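Student: Can you read through this structure? Questions will come right after.
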Amino acid sequence: MEKQTDWHREQKRVNQVVVQIQEREKQLRQKLGTIKEDVIDIRKKFWDDVTVNFDNAEEAAETFASIKQQAELMSERERSHRHDLNQLKNLHKLKYSPYFGRIDFLEEGEEDSEAIYIGIASFVDKEGINFYVYDWRAPISSLYYDYGPGPGSYETPSGTISGEVEIKKQFIIKDSQIKHMFNTGITIGDELLQQVLGNESDSQMKNIVATIQKEQNQIIRNERGRLLVVQGVAGSGKTSAALQRVAYLLYRYRDTLLADEIVLFSPNPLFNSYISTVLPELGEENMQQTTFQAYLEHRLGENWQLEDPFSQMEFVLIEKQDPSYLARLEAIKIKSSLDYIHFIDSVIQSLQAEGLIFTDIVFRGNILFSNETIYQYFYELDQTISIPNRMNMVADRLLKEVRSYELEERDKEWVDQEVDLLEDEVLLKIHQKVEKEKKKESDDFYEYEREQELLRGLVVKRRLKKVRHIINQLQFLDTTSIYLNLFQEKENSLFSSEKWSEICSLTIHQINQSIFPYEDATPYLYLKGKLEGFHVNTTIKHVFIDEAQDYSPFQFAFIKNMFPRAKMTVLGDFNQSIYPHSNNSSFPALESLYQREDIEKYALTQSYRSTRQIIDFARHILGTEIDPFNRNGEKPVLTKAANWKELNTQLIARLMELCTKFRTVAVICKTAKESKRVYTELKDELDVRLMKKDSTGYESGILIIPSYLAKGVEFDAVVLYNVSDLEYLHDSERKLLYTICTRAMHSLDLMYVNRLSPLLSEVPPVTYLKS
Ligand SMILES: Nc1ncnc2c1ncn2[C@@H]1O[C@H](COP(=O)(O)OP(=O)(O)OP(=O)(O)O)[C@@H](O)[C@H]1O
């Protein structure tokens, strides 16, 4: 009875708030209509209100000022329009579901407690005094995530506020109706989480603001430290915490931080699209999103075709018979290490005194500046000046000489010939220019000579444009040869590896081919930056790196260098480090780049994605401890087939069954090559889609996807294709297997032919079913 009246009371409040929201919507719509009309009006009458007069400098300045004023007026109105539109969108969401939580808090020293309702955005009365709804990011809302009934406190810019949480409730409200209501304890109720996690997955990630856990809340709201490191088990909400943290920062620093000043590095384009709706759902704009590969490509420019990490991964997974396989694996490890940075730094040190390699600058087939001359110019300069500064000084000197050369060159015969070939429009333009000058000079003989002079000047200038570009871009520096020189010495005291000599030959061979190996791209750009100066990005204030276990120490150092003013949030799971360059030393290496007091570290140990049964199975692959959220499902199913044909028949039957139960079903293969083969075999039988490295999105249905592209993403049901000893034999593939299994939310199948992978030998038979 009490429960019913309580429910009734709460629903009554929802109704009241919704009425207020509707009222506000109405007012805002009216206001928007007026602003829109204003903008149209300003646009239409833009020139009516501007007096255009360029007769003299004073009039022109006045004209300019009045145009500026009109433009500012219009952009202010447009800004206001955008802001109100955003507010309208938020009101629309609030109307559907005004809030998800309530806490009654009695502040120390106060007589009465206040009921705080928490939703995705604030909603205040007209006077701006009473909050119907608090934004989940407001300081007081932290109580909801951090405490159950009992003593509690929260931080505000002016200090800590303590008191007593008297009541804590959670709601699921849809269509303005309370569907569920729970009184909860310390953690945000199991009941609500059960509801949320039991739902089917989507091709888009969802926000978790209603059920953020205490340890996740600490990560989201952390503002200390320049480096925030999160090590969290599979499915522990690292990506979720990262995205809600972006939303939090945008709210907390709304006057000084723009979404564009935050960049997120994600593992692949598919992941980018998977997470792209979370922030807009929360009423925020998306941050910049990129992959490290895209960033490298952008930096390397068009001259290089860069191998991508997925092709490198295919090589590592497939080409074990390749004669250079072990050398390349070793090369990848060495080139990812901080030792390699130190090695490059030591080489750069010696290049201060000698050894840089330059190329000739050629003009019309002749050497304009020989590499020896440039070398001499460079090393004539004081050695205490940094290499990039000296490089710019050389460029200035060369440009000056080009200018003198340009003047001399105008009288050459080739110039006359090219003048004859100039286009008519150019001739006309020069003619008009001279006519104008003539008027001023009132000189009748001036015309022909002057025209010729200008035309010759133009021809030479045009032809020298490329030379100037080469100089301005410092392209006379032969960074590729300097990089290759690192591999000329077959002995290297820094690397005891016996394979160093083999690595040297391999690298020289690879780089002389047209595709630049992935493992060399970052070191090459680092060297280039050290010689030419880094194009650092100082506008970015926060860098987020998700799936951070896939980054090498070298890459971390490089990113830190590129964004010198940014705070870093780095989230990963060393149990999912599947790339040959990533290992357990990446995070310590990253931390070594910061002062101890600048580092904040968190661990997430509870997994929310998969059912208890899936986690119980998967954790034995690595022998690791993971605390599963208590949600039950079927045990994973292991299916053995006598041959490939039978495997496919069983796979098709199982997929048909899974499709009736779930929205997203993934067949995860080890490699892209295998995925393609499976796709070819299934496509006539079932509606399946093949995911490739450049796939940018997916819909519900059956996907066939290579293991490394499924990183960071999740599916209702996963079928691991061919978990035989042929595919998963080596210890190095253990983490890959574990990563694949932990993509499943509700259902996991593993299929194989002949012999089962020995990597599953430690998994107790009670954790799975056989079919
Ligand atoms: N507090 C939470 N409330 C509701 N759902 C949550 C919560 N935390 C995590 N989840 C859900 O758990 C799943 C896994 O979350 P997420 O992808 O953020 O984990 P992750 O640690 O990045 O995983 P992985 O490293 O395995 O890719 C998602 O479906 C997410 O919505």
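A Cβ is built for glycine as well, from the same backbone N, Cα and C atoms used for every other residue.
Heads up, TrEMBL stuff is auto-annotated, nobody curated it.
Per TrEMBL, the features are:
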- 211-611: domain 'UvrD-like helicase ATP-binding' (DOMAIN)
- Gly232, Val233, Ala234, Gly235, Ser236, Gly237, Lys238, Thr239: ATP binding site (BINDING)
Student: Sequence gap of 6 or more, Cβ distance under 8 Å: name the residues on the same chain that satisfy this around Ala234 (ATP binding site), in order along the sequence.
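Tutor: Counting only residues 6 or more apart in sequence, the Cβ neighbours of Ala234 (ATP binding site) under 8 Å are Asp573, Asn575, Gln576, Ser607, Arg609, Ser610, Ala618, Ile626, Tyr738, Thr739, Thr742.
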Student: For the ATP site (Gly232, Val233, Ala234, Gly235, Ser236, Gly237, Lys238, Thr239), what does the 8 A shell look like? I mean other same-chain residues with CB within 8 A of the CB centroid.
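Tutor: Neighbours found: Ser240, Asp573, Leu604, Ser607, Tyr608, Arg609.
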Student: Determine, from DSSP, whether Gly232 (ATP binding site) sits in helix, strand or coil.
Tutor: strand
Student: Around Gly237 (ATP binding site), how many other C-beta atoms are within 10 angstroms of its C-beta?
Tutor: 26
Student: Out of Gly232, Gly235, give me whichever of these binding-site residues has the highest number of other Cβ atoms within 10 Å.
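Tutor: That would be Gly235, with the most Cβ atoms nearby.
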Student: Using all protein chains in view, find how many other C-beta atoms are within 10 Å of the C-beta of Ser236 (ATP binding site).
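Tutor: Step by step: centre on the Cβ of Ser236 (ATP binding site), count other Cβ atoms within 10 Å, giving 26.
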Student: 10 Å Cβ neighbour count around Val233 (ATP binding site)?
Tutor: 25
Student: Could you list the residues of the same chain, at least six apart in sequence, whose Cβ is under 8 A from the Cβ of Lys238 (ATP binding site)?
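Tutor: Expected: Val230, Gly232, Asp546, Leu571, Gly572, Asp573, Leu604.
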Student: Starting from the Cβ of Thr239 (ATP binding site), draw a 10 Å sphere and report how many other Cβ atoms land inside it.
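Tutor: The answer is 24 other Cβ atoms.
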